[in-house]
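See structure below.
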Amino acid sequence: MAGPSLRPHVHWAQRHRELFLRVDLSDVRNPDITITDNVLHFRAQGHGAKGDNIYEFEIEFLEPVEPKPVCRVTQRQLNITVQKKESNWWERLTKQEKRPLFLAPDFDRWLDESDAEMELKEKEEEKINKMKIESRVPKDPFKHLKKGYLIMYNLVQFLGFSWIFVNMTVRLFILGKDSFYDTFHTISDMMYFCQTLALMEIMNSLIGLVRSPLIPSVVQIFGRNFVLFVILGSLEEMQSKPVVFFIFYFWSIIELFRYPYYMLSCIGIEWKPLTWLRYTVWIPLYPLGALAEAVCIVQSIPIFSETGKFSLGLPNPLNVTIQFPFVLQIYLIALFLGVSANFRYLYKQRKQHLGPKKRKMK
C-alpha cells in the first residue's frame, strides 16, 4: 500500500508576464498538473528528499493566472511555467502572506523588479532593432519569378535527360549491343537541346541567381559541349562508335538525380534519399564519364589528322600550321586536370551535405 503523499521542494521566480516553478523531483512519472480557481494542483511520482514516493502540493496564486501551465520534465527536475493574466510585478507568489515551508526563491533565475524591467526593456529594444533591420533589407520584387524560372529550368532538364535515359535503356534491352552503333542518330537532337540549355547554368551563376560557384559549372558544361558539338557533331565517323552510348548514358544518369534535387531545393524541400543519391552516384559515374570522353577524343585524333579538319595554317615565313590533333592532346591533359579539380569540389560538397552533423550543445 502506498504511503502518504509528501511535499517536494519547490523553487520559484517571476518576470512581469511569467512565473517559474522548479520542482526538485527526479525520474518523474505520471505528473498531474492543473490550475483551477487560481490554484495550482500538483501530483506526481518521483524521487525527492523522501526517496521514491508520491509528492503533491497546492499553491493559491496572489493574482489571477492563465489556467494552462506549461510543464517540462527533465531527468533531474520538473519545470512549470505559468502565465500571469496581467503584466505586473508581484510582491509574493501566494495569496497567503506566510510563505509555505516547501517553497523557496529560485536564486538561479531570481531578479528583482528593477532588473526585470531592464531585461524587459532590452528585449523590447532588441525586437524593435530587429524590425528596423528587416525593414531596411530591400525586398526582391522578382523573387517568385526567379524561383518559378529555376523550377521550370530544372524540370525541363530533368524531363529531357529522363527521355534520353529511358529511350537508351529500352533500346538496349530490345536491340542489345546493336543499339550502341546508332545512339547518336537516335538521341543527339535531345542531347543537343539539353546541353545547349545547360549554358543557362553559367548565366545563372554569373548573375547570382544560384549560389553554385562559376568555375566547376564552366568546366563541366564546356567540356561536355566540346565533346558533343566539336568531336561528335563534326565527325560522322565518330557518330557510330559504341563510346557514344556510354558518354550519353553516364551523362543522363548523373542528371536524373541532380536536376530533381535542385528543383526541390527551390521550394525548400529536402528528400534525404534523393540528397544521398545526388551526392553519391557521381562517385563512380563522373570518372567513368570522363574516361569515356577521353576515349572518344583519342579515337578522333587519327580522323582529324587524316582530314586536317580544324587545323589552322598561319601566314608566316616558317609556314607553321596549328594541328588540331595537337590541340586535342593538350585538351586531354586539361580534361584530367579539370576532372581532378571537380572531383575535389564534389567530394567537399558531399562531406558538407552528408557528413556527420555537429551536435548542438544544450
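Any Cβ shown, glycine's included, is placed from N, Cα and C.
Averaged over the domain 'CS' (5-94), the predicted model reaches a pLDDT of 91. Annotation comment: TrEMBL describes 5-94 as domain 'CS'.
Under the heading transmembrane segment, TrEMBL lists 149-170 (among others).
If you look up TrEMBL, you'll see 244-264 (among others) marked as transmembrane segment.
What TrEMBL lists as transmembrane segment is 285-304 (among others).
Taken from TrEMBL, the feature transmembrane segment covers 324-347 (among others). Beyond its flanks by at least six residues, the transmembrane segment (324-347) meets 213, 215-216, 219-220, 223, 226, 279, 282, 286-287, 290, 293-294, 297-298, 300-302, 304-305, 308-312 of its own chain at Cβ-Cβ distances under 8 Å.
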